[in-house]
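Here's the structure we're looking at; comments come further down.
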Amino acid sequence: MPTVDDILEQVGEFGWFQKQVFLTLCLLSAAFAPLYVGIIFLAFTPDHRCLSPGVAELSRRCGWSLAEELNYTAPGPGAAGEASPHRCRRYEVDWNQSALSCADPLAGLAANRSHLPLGPCRHGWVYETPGSSIVTEFNLVCDDSWKVDLFQSCVNVGFFLGSLSVGYIADRFGRKLCLLATTLTSAVLGVLMAVAPDYTSLVLFRLLQGLVSKGSWMSGYTLITEFMGLGHRRTVAILYQAAFTVGLVLLSGVAYAIPHWRWLQLAISLPIFLFLFYYWCVPESPRWLLSQKRNAQVMKIMGHIARKNGKLPLVDLKMLSLEEDVTEKLSPSFADLFRTPQLRKHTFILMYLWFTSSVLYQGLIMHVGATGANLYLDFLYSALVEFPAAFIILVTAERCGLIRPLALSNLVAGAACLAMVFISHDLHWLNITVACVGRMGITIVFQIVCLVNAELYPTFIRNLGVMVCSSLCDLGGIVTPFLVFRLMEVWRGSPLILFAILGLVAGGVTLLLPETKGVTLPETIEDAENLGRIAKPKENTIYLQIQTTEHAGT
């Protein structure tokens, strides 16, 4: 008797219905990009200096250029490794006194400028930017610069906490309900961020948005995976992640056109409300409905898919219950992720892979640092680098499966980090080249591990499994800045050695996972337990009996 994937073969594995759902949900993936990395533009820190009352008037009276004004009135650069004094300190001088000359206003106050007292920027700062950011509006510089880090950490904390709750909601109440609820909440919180009156409320809204926004993206990912037939499942999942890269590219253009952070925040938040139309465009996952024994709805959805794809309509569709001793609905539980030996092994390995991919991806970016001067072009170029990763996966997945490319990409990323330890800092071009190789490898890991994660768990805990394991990615994002900057205080190569160890170990443990190429998505815990083993008669599979209309005369 046919399984769910067998039924999809008859009603259409990738027909008009699946293509419409796929393209529709890809918009959701692209819209998630600004939520994840929008801080680069929302909280950029421009060049700045202390605001000193009287300096602007003196500069106008003397006809100074900006360079002359800074030379005459601002402290010079500090020692290496220290914040520049002209950014966070000012001369304790009354610039309104008439005795100051235009040639060298400080000459009459002290023979040497170093003897003049310095004080904090009591009157604020002057920012050299035509737009605005969270930094410029709330003065998050100098002693308060850590608040920018806190702002970004809050969204990762939200991702982490949301992974433990939203995944359960999606498996307990359905993918569609979870997607709509998290989308609406994320859009509302995005608008509230744009009108936040102070830093405290801004951070609170950012934290709450993190709690729900990742759940929205992951619910869309799970829906796409479960609507597609076996032959197209991986391709559309990879392209769904590539749509995130499209969002990155579009974000650079939108941010360039809208340099003011509040308007930019509105521009990336308001379109999210349009995704509420998914209520009419995207049905619930038939696989999830089957696991909840909601047979009548599955009949309706399968018939709808058949009609959309131009296939023979389903006249009769009878579904047998799961042939298990327990007759009630299957409710997801955190303990299910560790219930059997194979699921336990898969869960621990996937958690490690998610954590490692986050640490290496963000750590490499932090260690190499920004090399250009144009914020928008640098962001655009770094986003374009991610497209080849999707192409490589599409080329290799059907030929080699996912496990071997995943292991190899981890090994490449780890080896690149190890090689950078032995490359002289004077060979800047070589360091950048090897770092890009490492980043390409870890980008491939990021995309593959999400797909592998979804394919190793049975239907009723699939979303929960993906959300719980991927929460280690968020934990990695929280600790990576501390790992990088604390270890660099000991030795500049210390973080690279740690990254190399993490990547090489990840490449090894990946080979302990079963290959899922050509394997039907597991419906039960027993199916998941038997992945990678010799096929046995399936006793706990969801079966469907179908009768289709036949052409007259056949």
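Glycine too: its Cβ is placed from the backbone N, Cα and C atoms.
A TrEMBL annotation is a machine prediction, not a hand-curated record.
According to TrEMBL, the feature transmembrane segment maps to 21-44 (among others).
Feature annotation from TrEMBL assigns domain 'Major facilitator superfamily (MFS) profile' to 100-518.
Cβ atoms under 8 Å from those of the transmembrane segment (150-170) belong to residues 35-36, 39, 43, 134, 140, 177-179, 181-182, 202-203, 206-215, 218-219, 222, 332, 334, 463-468, 470-471, 473-475, 477-478 of the same chain, restricted to positions at least 6 beyond its ends. According to TrEMBL, the transmembrane segment annotation covers 150-170 (among others).
Within its own chain, the transmembrane segment (177-197) has Cβ neighbours under 8 Å at 28, 35, 166, 169-170, 205-206, 208-209, 212-213, 215-216, 219-220, 223, 262-263, 265-266, 268-270, 272-273, 275-276, 278-279, 282, 284, 463, counting only residues six or more beyond its boundaries. Sequence annotations record features per position, and here TrEMBL assigns transmembrane segment to 177-197 (among others).
Long-range contacts of the transmembrane segment (203-224) within its own chain (CB-CB distance under 8 A, at least 6 residues past either end) are made by residues 21-22, 25, 28-29, 32, 35-36, 150-151, 154-159, 161-163, 165-167, 169-170, 175-176, 178-179, 181-183, 185-186, 189-190, 192-193, 196, 236-237, 240-241, 275, 282, 285, 450, 454, 462-463, 466-467, 470, 474. Residues or ranges marked as transmembrane segment by TrEMBL: 203-224 (among others).
The feature transmembrane segment is assigned by TrEMBL to 236-257 (among others).
The transmembrane segment annotation in TrEMBL covers 263-282 (among others).
Look at TrEMBL and you will find 349-369 (among others) tagged as transmembrane segment. With a cut-off of 8 Å between Cβ atoms, the residues of this chain six or more beyond the transmembrane segment (349-369) that come close are 406, 410, 413-414, 417, 431-432, 435, 438-439, 442-443, 445-446, 449, 452-453, 456, 465, 468-477, 479-481, 483-485, 488, 495-496, 499, 502-503, 505-506, 509-510, 512-513.
Taken from TrEMBL, the feature transmembrane segment covers 375-395 (among others).
If you look at the transmembrane segment (402-423), the same-chain residues 6 or more away from its ends with a CB under 8 A from one of its CBs are 234, 353, 356, 360, 364, 392-393, 396, 430-431, 434-435, 437-442, 444-445, 448-449, 451-452, 455, 493, 496-497, 499-508, 510-511, 513-517. Residues or ranges marked as transmembrane segment by TrEMBL: 402-423 (among others).
Under the heading transmembrane segment, TrEMBL lists 429-452 (among others). Note on the transmembrane segment (429-452): residues 221, 225, 234, 237-238, 241-242, 350, 353-354, 356-357, 360-361, 364-365, 367-368, 371, 385-386, 388-390, 392-393, 402-403, 405-406, 409-413, 416-417, 419-420, 423, 466, 470, 503, 506, 513, 516 of its chain, located 6 or more positions outside it, place their CB under 8 angstroms from a CB of the stretch.
Here the transmembrane segment (464-484) has Cβ contacts under 8 Å with residues 149, 153, 156-157, 159-160, 162-164, 166-168, 170-171, 214-215, 218, 221-222, 332, 334, 336-337, 347, 350-352, 354-359, 362-363, 366-367, 450, 453-454, 456-457, 495, 498 of the same chain, all six or more residues outside its ends. Per TrEMBL, the feature transmembrane segment maps to 464-484 (among others).
Annotation source TrEMBL lists transmembrane segment at 496-513 (among others). Sequence-distant contacts of the transmembrane segment (496-513) (same chain, six or more residues past either end, CB-CB distance under 8 Å): 345-346, 349-350, 352-353, 356-357, 359-360, 363-364, 367, 403, 406-411, 413-415, 417-418, 420-421, 441-442, 445, 452, 456, 483, 487.
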Between the stretches 21-44, 236-257, 375-395, which wins on the count of C-beta pairs under 8 angstroms to the transmembrane segment (263-282)?
-> 21-44
Tertiary contacts of the transmembrane segment (236-257) (same chain, 6+ residues out, Cβ under 8 Å) | 14, 18, 22, 25-27, 29-34, 36-38, 41, 220-221, 224-225, 228, 264, 267-268, 376-377, 379-380, 383-384, 386-387, 390, 393-394, 397, 446-447, 450-451, 454
Reported mean pLDDT - the domain 'Major facilitator superfamily (MFS) profile' (100-518) = 82
